[in-house]
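Just below is one structure, and these are the notes that go with it.
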Amino acid sequence: MLGSKKKYIVNGNSGIKAQIQFADQKQEFNKRPTKIGRRSLSRSISQSSTDSYSSAASYTDSSDDETSPRDKQQKNSKGSSDFCVKNIKQAEFGRREIEIAEQEMPALMALRKRAQGEKPLAGAKIVGCTHITAQTAVLMETLGALGAQCRWAACNIYSTLNEVAAALAESGFPVFSWKGESEDDFWWCIDRCVNVEGWQPNMILDDGGDLTHWIYKKYPNMFKKIKGIVEESVTGVHRLYQLSKAGKLCVPAMNVNDSVTKQKFDNLYCCRESILDGLKRTTDMMFGGKQVVVCGYGEVGKGCCAALKAMGSIVYVTEIDPICALQACMDGFRLVKLNEVIRQVDIVITCTGNKNVVTREHLDRMKNSCIVCNMGHSNTEIDVASLRTPELTWERVRSQVDHVIWPDGKRIVLLAEGRLLNLSCSTVPTFVLSITATTQALALIELYNAPEGRYKQDVYLLPKKMDEYVASLHLPTFDAHLTELTDEQAKYLGLNKNGPFKPNYYRY
């Protein structure tokens, strides 16, 4: 059944402490219909980024200590053991990576300076589930500087940087994550973040919805004290709208994914650069002349297509949405059905957020040495489970790279077992993540400080004024100088000189 989703624009003027000021501007609620998937609520909410059919050891370097972190007794220099990471002794290396990331995350560093007096997150107890990278560490330490207590787990079993997790644990953050977790490890880590004596979270920061799902499933009473959820992924936002539609969303939620500063920057520019990085590191391939099909022409697909086209690849696009499809055509890409090109393409990239986009039938028809990978958050886009059959042979080539070999000798190259390619196999541009992380931080501040009753039990969008504020914090990096409206010009356009400068329905 197709339904409608509700998005609301929130008032960003109050709830932000004195250090973070926004122009007094009333925001109208913005409702627009959005598609709801055909999957049932129970099926969708249980589909996590951990759906995996391999052991953790398959993604653990043989040179590493094979002892599970769960079986180790580790303490940081302060004597705390409230964490579980690969090796706490790597903390010094992780600290250096965090310091490098800080140089490319100017807005978060600016928030720290502006909140040195009254702390807008004082008393906040944030439980988080995101990719644990150097960039996330800068966000976590910023939240701490703003007054929050944090406990953290990873939203992807392959994206954690072990040395960064160690640095956070050494700094006193309860972090439960390591690269190469099993599915059981994944949920154990989330549970250790949530289920701790004497500590009750009152805010959730999620990426993919797994943390929110776990609390609903295991500890629903916790929502009595939780003030709100901040979610940043397509997958997680979809789950929230399903909960809302079913009347099961019991706290307000902020949809960061559809903020302009997430969609148009993280999804587009981040993927435009990191798709090439991930493919190069895993396959050492040359892109010139290669035939590539990109499934989905949303912001992620647009970024991937632009990068591959610039490298000389022949790019095809598949789409279900006629508007995105027309954009692909106008950008010079051939719109096809996957069945039409599956025998000839050299690379298949999924960017849809859907499930079973690449099926076993497609995989059977692929040419020898075809590379298959996913740039969407969840690992449901490629039907990897169908390849776990006796007649097919799996051969580990290098970390995150498998050859799946058919009886006739044909093989495909599967990257990260169908999980998020860039964060599983490479890194992503820090500066772009600064934009998203700042939006997340402001969403947490807004929800946490909102007076009771401002937000209903529904999913909300951040105000455009807040998006503009995030963008303005990053402009000094480029020595960029904004033009200011004169009083006459502002009156002519009917705008406040300080913004917002576009209506809520404007599409950048």
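Each Cβ is built from the backbone N, Cα and C atoms, and glycine gets one as well.
Neighbour list (Glu232 (substrate binding site), Cβ cut-off 8 Å, at least 6 residues apart, same chain): Thr130, Asp206, Asp207, Val256, Asn257, Lys262, Thr436, Gln440. Positions annotated as substrate binding site by TrEMBL: Thr133, Asp207, Glu232, Lys262, Asp266.
Feature annotation from TrEMBL assigns NAD(+) binding site to Gly298, Glu299, Val300, Gly301, Lys302, Gly303, Glu319, Asn422. Sequence-distant neighbours of Val300 (NAD(+) binding site): residues of the same chain at least 6 apart with a C-beta under 8 Å from its C-beta are Asn267, Leu268, Cys271, Cys351, Met375, Gly376.
The compositional bias 'Basic residues' feature in TrEMBL is assigned to 32-41.
Taken from TrEMBL, the feature compositional bias 'Low complexity' covers 42-61.
Here TrEMBL flags 267-428 as domain 'S-adenosyl-L-homocysteine hydrolase NAD binding'.
Look at TrEMBL and you will find 23-81 tagged as region 'Disordered'.
In this view, the densest Cβ surroundings among the binding-site residues Gly298, Gly301, Gly303 belong to Gly301, judged by other Cβ atoms lying within 10 Å.
Of the residues the record lists as binding NAD(+), namely Gly298, Glu299, Val300, Gly301, Lys302, Gly303, Glu319, Asn422, the two whose Cα atoms sit farthest apart are 22 Å from each other. Neighbour counts of Cβ atoms within 10 Å were taken for the binding-site residues Thr133, Asn422; the minimum is at Thr133.
Asp207 (substrate binding site) counts 27 other C-beta atoms within 10 Å of its own C-beta, drawing on all protein chains shown.
Taking Cβ-Cβ distances under 8 Å and a sequence gap of 6 or more within the same chain, the neighbours of Glu299 (NAD(+) binding site) are Gln263, Lys264, Asn267, Leu268, Cys271. The Cβ neighbour count for Glu319 (NAD(+) binding site), using a 10 Å radius and every protein chain shown, is 23. Over all protein chains present, the Cβ of Asp266 (substrate binding site) has 26 other Cβ atoms lying within 10 Å. Here the Cα atom of Gly303 (NAD(+) binding site) is found 10 Å from that of Asp266 (substrate binding site).
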